[in-house]
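Below is one structure; the comments refer to it alone.
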Protein chains: 2
Amino acid sequence: MKFELKATDPNSSARAGVMTTAHGDIQTPIFMPVGTAGTVKAVHQREIKEDINAQIILGNTYHLYLRPGLDILKKFGGLHKFNGWDRPILTDSGGYQVYSLAGIRKIKEEGVTFQSHIDGSKHHFSPETVMDIQRAIGADIMMAFDECTPYPCEYDYAKKSMEMTHRWLKRCCDRFDATQPLYGYDQTLFPIVQGSTYKDLRKQSAEVIASFERDGNAIGGLSVGEPHELMYESTELVCSILPKDKPRYLMGVGTPENILEGIALGVDMFDCVMPTRNARNGMLFTTQGVINIKNKKWEDDQTPIDEHLGGYVSTFYSKGYLRHLVHCKEMLGAQIASVHNLTFYLWLVKQAREQILAGTFLEWKNKMVKHLMQRL
Amino acid sequence: MKFELKATDPNSSARAGVMTTAHGDIQTPIFMPVGTAGTVKAVHQREIKEDINAQIILGNTYHLYLRPGLDILKKFGGLHKFNGWDRPILTDSGGYQVYSLAGIRKIKEEGVTFQSHIDGSKHHFSPETVMDIQRAIGADIMMAFDECTPYPCEYDYAKKSMEMTHRWLKRCCDRFDATQPLYGYDQTLFPIVQGSTYKDLRKQSAEVIASFERDGNAIGGLSVGEPHELMYESTELVCSILPKDKPRYLMGVGTPENILEGIALGVDMFDCVMPTRNARNGMLFTTQGVINIKNKKWEDDQTPIDEHLGGYVSTFYSKGYLRHLVHCKEMLGAQIASVHNLTFYLWLVKQAREQILAGTFLEWKNKMVKHLMQRL
């Protein structure tokens, strides 16, 4: 994988770049729609590509390992062939889901034993098996197996956990470097900075992670309930240490505001379930602000969902019709809102990129954060 | 509304025609996807038009009356403007849902009092109000308010109910003829033949309905649990009486076999929830036969859902991937299967039309019924 910086904002740490992977280029900063079980929920692959203009999507290792399972993924020749998405894919390490979704689990130095949230069956993830699983999925970008600490987290636990994550990273790299891709194209591995919200731990972790000199680096353990200011402080600190010539990925973030602030701090990649999950609950992000489409005030509104955004669903369907669909729990409501919100997120990072290239990012960002987060 | 017969099969009663409505032409025989609450479940309007090639969709008066309600539909200028579907729409009379979905209900000569299945609120439908409601919806084809008898049904009840349906039809016609469309384009009204499975009643009802000389005629009260042979016998009898120069609509039918047999008996229009409802349960109708995609045998099948059918979803997605989605209860599974099944249904009636125009329908029909209903 290559990363080329195209521009840096003169008034912030925002950067515009291009990542090159075996499945195509990615213009950064970028938002990655989450395709948990090999599907971005309620959205056709054609829509992800042609309406949303996504350049890379995310798959969840935990879910894909359980269903359809590695045998089937291997028979198909990897996730790209399985779901028909021929642009880049990033997979997480499965760690986050093991901690948040799975039943009884035991975290040991060797790895984690857990029970499937689907049928209670027992499974084991280790740095080595997680590398093997992501080889079988065939993600362009694989993530290291880490422990994502909750918030708040005791200092001692955060320190010990971070140190284990660093030891696990060594094992991930050893396994990754000792194995070959299964499907004839290159994969790469991103390590993850941890350390909770403790500055000394974050600094230490960022330095350790940077020392591995992988193709890109991620910031984990944030957006887990801490105040936004703490998230921004940790991100700023970590970005000041991670190498400038490699992409930085802030995991699980976030609202439009979080993303714009993250970009200002030097982050290049984001993912979050928010645009799709909130869509299914009737919350829309638009170029004019945030809409709860369930509200009665929208029931007779004949205007398009977002005429300024463009694209099929946002200009074809009216707010009143979408309100009716969501109110009636019709699937089409979730479908429309999901495509709309993702289109908005991809529009947002594209706008940010253009502002960075034009050298006008900071002022634009400060204006947009207020504008986009207002409730309509 | 105009109807022009283009061809009649020399070896059966199958016909090919063209209906002309204010929202465009309809090539018959035709299948109408069901869009209960103003949405064909799990399918975008763009997909209904461009992928499925539907020429007319159905809306349910009962559902639309309850949600979004007539005030909102009127504000938008009717259902076409509300949901963005600019081709023809047919609405049922709401009667069937009142009998099958609503809570406590009282059927009297004047009309029916019922409770909403959503919130238990009390409502009243009469021949007159149902005409007014369908005027407010703005359907191109409106249906008369009838009583749909269950199967089996006592002779005395079937006779009395049929006679009331005939009296209601007179009131429907009087109201329809005394009122104007609300949105500046023509609407038409189809009466409905009842009479359960009793031949003398069906004959009598068909004669009465024909005597009203409306633009088209419907056959109701079938496909409610009776053996297929009885459905075909009643359909054949009724078609022999209904005028040849007007379209005939067999309501709520059915499987691919039912539709082909119905066409052979002289039916021009069909609607059924089967393609979409079965899709959501993982049952696919394909050009090669019927598939239960939940079966384990499909889990590693890399072939397209139906390469012979054509169209985006049927050729882009594999059986194995769709099996995974349906197995995981992912919305995209229902979306893919719904578009596929409806594409198949519209393909089926288009093929039938071509065979009728070529004079080769009967032989083709006999072959296809066996071929299409086999389990794969």
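Each Cβ is built from the backbone N, Cα and C atoms, and glycine gets one as well.
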Given that TrEMBL annotates A:Asp92, A:Ser93, A:Gly94, A:Gly95, A:Tyr96, A:Gln194, A:Gly221 as substrate-binding, name the residue from A:Asp25, A:Asp146, A:Asp300, A:Asp301 that shares the site.
A:Asp146
Quick one: sort out which of A:226-230, A:276-280, A:351-355 is the region 'RNA binding' according to TrEMBL.
A:276-280
For the region 'RNA binding' (A:276-280), the mean pLDDT of the predicted model:
98
Can you count helix, strand and coil residues in the region 'RNA binding' (A:252-258) using DSSP?
3 helix, 0 strand, 4 coil
How far apart, in Å, are the two Cα atoms that lie farthest from each other among A:Asp92, A:Ser93, A:Gly94, A:Gly95, A:Tyr96, A:Asp146, A:Gln194, A:Gly221, the residues recorded as binding substrate?
16
Same-chain residues at least 6 beyond the ends of the region 'RNA binding' (A:252-258) whose Cβ lies under 8 Å from its Cβ atoms:
96, 220, 222-224, 228, 231, 267, 270-272, 274, 285, 344-345, 348, 368-369, 372-373
Just to verify a number: CA distance, A:Gly94 (substrate binding site) to A:Asp271 (active site, nucleophile), in angstrom, no decimals.
15
By the DSSP assignment reduced to helix, strand and coil, which category contains A:Asp271 (active site, nucleophile)?
strand
Largest tally of Cβ atoms lying within 10 Å of a Cβ, found at which of the binding-site residues A:Gly94, A:Gly95, A:Gly221:
A:Gly221
Shell list (substrate; ref centroid = CB of A:Asp92, A:Ser93, A:Gly94, A:Gly95, A:Tyr96, A:Asp146, A:Gln194, A:Gly221; cutoff 8 A):
A:Tyr99, A:Met143, A:Ala144, A:Phe145, A:Glu147, A:Cys148, A:Ile192, A:Gly220, A:Met251
Using DSSP, what is the helix/strand/coil residue split across the region 'RNA binding' (A:276-280)?
5 helix, 0 strand, 0 coil
